[in-house]
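Take a look at the structure below.
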Amino acid sequence: MVKGKRILIGVGGGIAAYKICEVVSQLFQQGAEVRVILTAEAEKFVTPLTFTTLARHPAYGDADFWQPIHHRPLHIDLGEWADIFLIAPLTAHTLAKLGHGFADDLLSNTVLASSCPILLAPAMNTDMWEQEAVQRNLQQLLGDRRYHLLAPNGGLLACDRRGVGRLAEPAQIMHRLQALLFTGGQEDLRGKRILITAGGTQEYLDAVRFIGNPSTGKMGLALAQSAGDRGARVTLIHGPIGDLPIPMGVISMAVVNAEQMEQALAQQAPLADWIVMAAAVADVKPAQTWTGKIAKQDLPDSLPLAPVPDLIAQVSKQKRPHQLLVGFAAQAGDIVTPAKEKLQRKNLDVIVANPIDQPQSGFGTDSNQAVIIDRHGSQTAIAPCSKLAMAHRIWQYLLERI
């Protein structure tokens, strides 16, 4: 989603500046053009050479502002060049300058000369962050619709205290940049209550053996991340997802088997505006189960199976007129015909059909491709892309077509 995009990064003078090295590296690796501006204080923590090496382009500081070697004023050139502007770490000092429209260095001049969306990622001591003056300056900026906040995390700070003030992690910054680039800063899902299921379920035979599938939950997590970034209130019901992190701001409920997911859905589905069933629920379970671990020699020669609850059918039957229900269909070969049949059979509003027999698609991968089919008979193909990009395209489709 960042390939070919022009991303300008302003680095403030805080110890968290080192994290921005990882952001610049990831952006470059994903095909973005990156330019970096350092304040004089930032250069005391990370050198311009570091960012020059990572971005494959000279990093700029205040000394460059006054050099007569640029064909146009540097702050004008950079401000007009950028598709998006990240300021991280945003210090209390830089925040105060921007909030009052000061223009006394390269970074502050470039902010005033730009017209693109600006993502603010603050980092500072908790007491500083909570000061009335700091919050007043922040609200002053956020009154301008092109400014967007990636709030600081809580945790151990460089001052050896615990509290709110840690710079957002590089992965969080990357996700938010991608969302802003895709939406232009529009929080077009604000006010929506979205319920998402993700991951596989596991139906245990004994204490260690189970019937399941290779789903990792990456697609559902991408849907949750992107919906939250677009302003939705997201609840995620997920099966086992290993150590994959739950996106910030998302309410999560962990389950193991289909029966537990059924109970969670019964509680949460009536509260949602949109319900997206992206979980890969195991279709069957052992008809008989054992406590403890069965010795290998005692395993049954045949294993009677029983169906698990048809969760999407249950949700469909209980769906209210204002609710939107989206299903997923993972298939090999012809993915469209079975998906259309499932759409009709389950009375869905939309179904997303994705292949499991194509390279870099399906379970466990970071990318995917799909065909979206809706109840009106319309269908749209999504070419191979990251699962996060696909998630944004699904939301865009629902907003525009349904």
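Even glycines carry a Cβ here, placed using N, Cα and C.
Remember, predicted model here, so these are calculated numbers, not experimental data.
As written in Swiss-Prot, here are the features:
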- Cys159: active site, proton donor (ACT_SITE)
- Asp283, Lys293, Pro309, Asp310, Leu311, Ile312, Phe328, Lys342, Lys346: CTP binding site (BINDING)
- 1-193: region 'Phosphopantothenoylcysteine decarboxylase' (REGION)
- 194-402: region 'Phosphopantothenate--cysteine ligase' (REGION)
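In three-state terms derived from DSSP, Cys159 (active site, proton donor) belongs to neither a helical nor a strand segment and is classed as coil. Cβ packing within 10 Å was compared across the binding-site residues Asp283, Lys346, and the lowest neighbour count falls to Asp283. Taken residue by residue with DSSP, Leu311 (CTP binding site) is part of a helix. Residues Asp283, Lys293, Pro309, Asp310, Leu311, Ile312, Phe328, Lys342, Lys346, recorded as binding CTP, reach a greatest CA to CA spacing of 37 Å. Across the structure, the residue listed as 'active site, proton donor' and Phe328 (CTP binding site) are spaced 47 Å apart at their Cα atoms.
Counting only same-chain residues six or more apart in sequence, the Cβ atoms lying under 8 angstroms from the Cβ of Phe328 (CTP binding site) belong to Met219, Met277, Ala278, Ala280, Ile351, Val352, Ala353, Asn354. Neighbour density at the Cβ, taken as the number of other Cβ atoms within 10 Å, is lowest among the recorded positions Cys159, Leu311 for Cys159.
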